[in-house]
Amino acid sequence: MELPPGPRDDPHAWDDDSDPELEPDTDAQAEAYVARLLSPPKLGLAPPRAPPLPAPTVSFGSLEPRAASKGPTVAVPGLLSLPPELLLEICAYLDARLVLHVLPRVCHALRDLVRDRVTWRLRAQRRVRAPYPVVEEEDFDWPTACIELEQHLSRWADDGRRAEYFCLADGHFASIDSVLLLQGGTLCLSGSRDRNVNLWDLQQLGVEPSRVLVKTLGTQKNSTHKGWVWSLAALDHRVCSGSWDSTVKLWDMAADGQQFGEIKGKAAVLCLSYRPDILVTGTYDKKVTVYDPRVGPALLKSRRLHSSAVLALLADDRHIISGSEDHTLVVFDRRANSVLQRLQLDSYLLCMSYQEPQLWAGDNQGLLHVFANRSGCFQLVRSFDVGHRSQITGIKHSLGALYTTSTDKTIRVHVPTDPPRTICTRSHHNVLNGICAEGNLVVAASGGLSLEVWRLQA
């Protein structure tokens, strides 16, 4: 049955401000609401009406409903009544990810405590008990660093006994010199002196061993390249491989690893860096060459920046950084199109890992070097002996982890403190030529024709 329109249905009635009634006392209404709906009833007696109260001076927080009690109400101190120092001590026993992502949803007090950068700095330094990070930065991401540190320490606890180990020895018939993880560590590429680039599906580890090796890239009958494959680099699903045959080949992993481009140079390609707008090569003829991978790839410029072969290379939006056998580290300013710095070193760099502002590099004497990017100027700030007895061939640095490989036949796992603390060492029967870490996978390239794989706790 449809009711006839009433005064509340009149759209103009809500615009009338001439109501002579006094505005209600909202505090009194709240008190009455709590008393009426949330107080325990008494059997046989009608609840007496509370006399009108004067305007209270307490906040609405004091009027929140409380659990019914037969006796007089007693204030019981809660967790939030503890001093911040005790709350932090309790949080120290909780997983860092839970503290960062869950506790802020509980209440404002915990949110403010968790968002304090000092909270995470103290937590991280308590975990590592050493100067960290090696390069101080104003906007250092302490929460993320703390999560990575704790995860890294947990994964490699007890000398790495929790990590699953796999040896992939059936894909190449010569030394493997480069390795690259893709798609969060689910796929792996390896470049070898057998002139091939192999694609591996690491999701099949321990499930279907015969399906781990997916294919060899390329359409040539015998091999991917006509020379040793020495370097690999990737941008999203696009990959490039550099070879001693003086070519760089480009592959589309989203198209089943089909080749979509080739660069023919004049010297062996020893190192690569792949950016959205440039592809950079370091070659045996002492040159650093820049291509536009979006067109062609088209040659943009080539400079002889060194007096010996270019062995290590990386690039970001502002710089191209190259290390050479001539014992120099050259910083090229992309915007000014000129050399910004040329640093003379006592050794030559074989590998580099960069996460601004920290540049970590391994040299031919088994030492680690840390350079700091300070306002676009790179400075050598620290050098470390982490136990390697010969050349460091691979390095992977992140906020909370540090991995190195060497021709001394070891892979070493460190915490990136000052100095680095080695928490695990794995020995191999042959030299190790490089390393890559992504997600929960760590893969090392071996001169013994194999890929050495460690699957860590997720």
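Cβ from N, Cα, C; glycine included.
Per Swiss-Prot, the features are as follows:
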type	residues	note
COMPBIAS	16-28	compositional bias 'Acidic residues'
DOMAIN	76-123	domain 'F-box'
REGION	1-28	region 'Disordered'
REPEAT	171-210	repeat 'WD 1'
REPEAT	224-261	repeat 'WD 2'
REPEAT	264-301	repeat 'WD 3'
REPEAT	305-342	repeat 'WD 4'
REPEAT	344-381	repeat 'WD 5'
REPEAT	387-424	repeat 'WD 6'
REPEAT	427-458	repeat 'WD 7'
- Query: Based on Cβ pairs under 8 Å, which of the stretches 171-210, 224-261, 264-301, 387-424, 427-458 lies most in contact with the repeat 'WD 5' (344-381)?
  - Reply: 387-424
- State the residues, same chain only, that lie 6 or more residues beyond the ends of the repeat 'WD 6' (387-424) and have a CB under 8 A from a CB inside it; answer 'none' if no residue qualifies. 128, 130-134, 141, 144-153, 156, 159-160, 350-353, 355, 358, 360-368, 430-437, 442, 444-445, 452
- Secondary structure tally of the repeat 'WD 3' (264-301) (DSSP, helix then strand then coil): 0 helix, 22 strand, 16 coil
- Task: Count up the helix, strand and coil residues in the repeat 'WD 6' (387-424) according to DSSP, in that order.
- Result: 0 helix, 21 strand, 17 coil
- Query: What parts of the chain pack near the repeat 'WD 1' (171-210), using Cβ distances under 8 Å and only residues at least 6 beyond its ends?
  - Reply: 164, 216-218, 222-234, 237, 239, 241, 243, 245, 251, 253, 257, 433-441, 443-451, 453, 455
- Message: Per DSSP, what is the helix/strand/coil residue tally across the repeat 'WD 2' (224-261)?
- Response: 3 helix, 23 strand, 12 coil
- Note on the structure: For the repeat 'WD 3' (264-301), the distant same-chain contacts (Cβ-Cβ under 8 Å, at least six residues beyond its ends) come to 227, 230-235, 238-240, 242-248, 250, 307-317, 320, 322, 324, 326, 330, 332, 334, 337
- Message: Per DSSP, what is the helix/strand/coil residue tally across the repeat 'WD 7' (427-458)?
- Response: 0 helix, 19 strand, 13 coil
